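Q: Before I ask anything, here is the structure I am working with.
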Amino acid sequence: MRKISVFGATGSIGQNTIDLIDRNPSAYDVVALTGGANIEQLARDAKRLNADIAITAHPDRLEDLRAALAGSDVEVAAGANALAEAAARPADWVMSAIVGAAGLQPGLTALEQGATLALANKETLVCAGTLVLDTARKHNARLLPVDSEHSAVFQALVGEDMASVERIIITASGGAFRDWPMSKLASATVEQASSHPNWNMGQRITIDSASMFNKALEVIETREFFGISPDMIEVIVHPESIVHAMVGFNDGAVMAHMGAPDMRHAIGYALNWPKRQTLPVERLNLAKLGQLRFQEPDENRYPALRLAREVMERGGLSGAVFNGAKECALDHFIAGRIGFLDMADIVAAVLDRFDAQDNHIDAPMTLDNVLQTDHLARIWVDNAVAQRAGK
Ligand code: NDP
Ligand code: MG
């Protein structure tokens with residue numbers, strides 16, 4: 001039996017992972033399941049899967065979790081330290097599906113144990129790519145991509161030599177506002193931004209898809225994961241979300257990965273790797289689909305894509321600035337304090353401010369420096385939002 005843990009078990013990726021575990025429970029020995037506010041779901045899954053330990057990120061919900069698991073032999077714990085301790089429990093395979101920079105530390109700890117880390121949490125590589133990759137190398141741990149585009153690239157590269165790769169093209173659906181006129185975007189509401197045309201995901205990544213911040217993070221994630229230079233990475237808008245990514249080779253061939261937009265494919269690929277196993281994913285009927293469309297993304301419409309290029313040029317801790325600022329701007333948008341287009345404006349201003357400050361971005365990439373940078377970026381976003389409100 002493989003020992004496995006799921007970080008962010010109560011979320012969209014976490015629940016899809018558990019759906020796959022549930023289909024073959026005797027193959028897995030579940031070590032740790034973690035969640036946040038959704039105590040009921042966490043307790044239900046921990047009990048059913050007979051997990052060793054269930055952890056909520058919120059210390060004030062510990063007693064609720066204890067009550068929900070009363071009578072079972074699942075251990076309970078709460079808070080960031082408990083998450084880190086749970087991540088240190090030996091496991092063969094760990095799903096990293098906490099949302100945001102909060103997923104970084106548990107993922108790093110799992111790598112330090114030599115676990116295979118299935119990485120849905122793209123923020124991990126955006127904030128701390130070098131640190132994460134060095135940690136994996138040092139502990140002989142493996143990282144497997146779960147983000148659909150990166151899983152697609154990973155699959156297209158099986159048996160290939162990176163030296164013959166000319167470019168990696170990741171697709172973007174265009175999100176909720178693909179067909180909106182630019183003039184309407186400034187007044188887009190949280191509710192409107194929270195519905196995705198093709199994918200069913202957590203609210204934060206869904207809004208990030210509408211603003212293309214999600215794609216911006218993925219471009220940086222591509223650079224880190226596959227170690228290729230930024231000018232070899234392209235983004236193309238593909239409204240149907242059937243082609244997830246393409247790899248272009250030096251002989252002119254382009255390998256495209258296609259599939260229904262269902263995250264259980266990428267999760268299952270990482271779970272069963274290096275083998276493939278039957279997965280409960282809808283099979284494509286291309287004749288029924290009829291056509292697949294592709295369009296150049298407009299960087300005026302999606303300034304996040306331009307910012308991703310700037311972040312890759314600056315390097316160092318600028319990924320942590322970018323992600324922290326983006327997460328905090330998103331919090332303010334969700335809370336109704338700023339408009340949809342303000343998010344990119346504010347993130348751009350915070351990146352410039354960091355750039356102008358001595359050598360902050362060039363400080364060594366330690367976990368402390370990444371977390372401090374993330375924290376400072378959030379404070380600067382808070383200040384920028386307060387200033388706007390005061391105007
Ligand atoms: P969800 O919001 O659906 O789930 C997030 C999970 O993290 C939940 O278990 C949540 O707990 C938990 N959580 C929230 N805040 C914290 C915190 N501060 N500390 C610890 N745990 C926390 O997100 P998704 O499943 O959509 O996304 C998860 C990650 O995967 C993200 O990084 C996202 O970018 C990435 N991803 C997601 C895809 C998707 O299809 N959804 C596709 C590709 C990548 P609770 O809900 O109980 O509060
Ligand atoms: Mg993706």
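For all residues, glycine too, the Cβ spot is worked out from N, Cα and C.
Pasting the feature list from TrEMBL:
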- 4-129: domain '1-deoxy-D-xylulose 5-phosphate reductoisomerase N-terminal' (DOMAIN)
- Thr10, Gly11, Ser12, Ile13, Gly36, Asn38, Asn121, Glu123, Gly202: NADPH binding site (BINDING)
- Lys122, Ser148, Glu149, Ser173, His196, Ser209, Asn214, Lys215, Glu218: 1-deoxy-D-xylulose 5-phosphate binding site (BINDING)
- 143-226: domain '1-deoxy-D-xylulose 5-phosphate reductoisomerase C-terminal' (DOMAIN)
- Asp147, Glu149, Glu218: Mn(2+) binding site (BINDING)
- 258-378: domain 'DXP reductoisomerase C-terminal' (DOMAIN)
Q: With the Cβ under 6 Å from ligand 1 as the test, give me the qualifying entries from the binding-site residues Asn121, Glu149, His196, Asn214, Glu218.
A: Asn121
Q: Using a Cβ cut-off of under 6 Å to any atom of ligand 2, determine which of the binding-site residues Asn121, Asp147, Glu149 qualify.
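A: Among Asn121, Asp147, Glu149, near ligand 2: Asp147, Glu149.
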Q: Among Thr10, Ser12, the binding-site residues in question, whose Cβ has the most other Cβ atoms within 10 Å in this structure?
A: Thr10
Q: DSSP-wise, what's the residue breakdown of the domain '1-deoxy-D-xylulose 5-phosphate reductoisomerase C-terminal' (143-226) into helix, strand and coil?
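A: The breakdown for the domain '1-deoxy-D-xylulose 5-phosphate reductoisomerase C-terminal' (143-226) reads 43 helix, 11 strand, 30 coil.
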Q: Return only the integer: C-alpha distance in Å from Thr10 (NADPH binding site) to Asp147 (Mn(2+) binding site).
A: 17
Q: Counting Cβ atoms within 10 Å across all protein chains shown, which of the binding-site residues Asn121, Asn214 comes out on top?
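A: By the 10 Å Cβ neighbour count, Asn121 comes out on top.
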Q: Among the binding-site residues Lys122, His196, whose Cβ has the fewest other Cβ atoms within 10 Å?
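A: Ranked by other Cβ atoms within 10 Å, the binding-site residues Lys122, His196 bottom out at His196.
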Q: If you measure from the C-alpha of Asp147 (Mn(2+) binding site), which of the binding-site residues Ser12, Gly36, Asn121, Lys122, His196, Glu218 fall inside 10 Å?
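A: The binding-site residues passing the 10 Å Cα test are Asn121, Lys122, Glu218.
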Q: State the three-class DSSP label for Ser12 (NADPH binding site), counting H, G and I as helix, E and B as strand, and everything else as coil.
A: helix
Q: Pull the DSSP breakdown for the domain '1-deoxy-D-xylulose 5-phosphate reductoisomerase N-terminal' (4-129) and write it out as helix, strand, coil residue counts.
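A: Reading the DSSP string over the domain '1-deoxy-D-xylulose 5-phosphate reductoisomerase N-terminal' (4-129) gives 61 helix, 28 strand, 37 coil.
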Q: Sort out the sequence-distant neighbours of Glu218 (1-deoxy-D-xylulose 5-phosphate binding site) for me: same chain, 6+ apart, CB within less than 8 Å of its CB, listed by position.
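A: In sequence order, the residues whose Cβ lies under 8 Å from that of Glu218 (1-deoxy-D-xylulose 5-phosphate binding site) (at least 6 apart) are Lys122, Asp147, Glu149, His150, Ile170.
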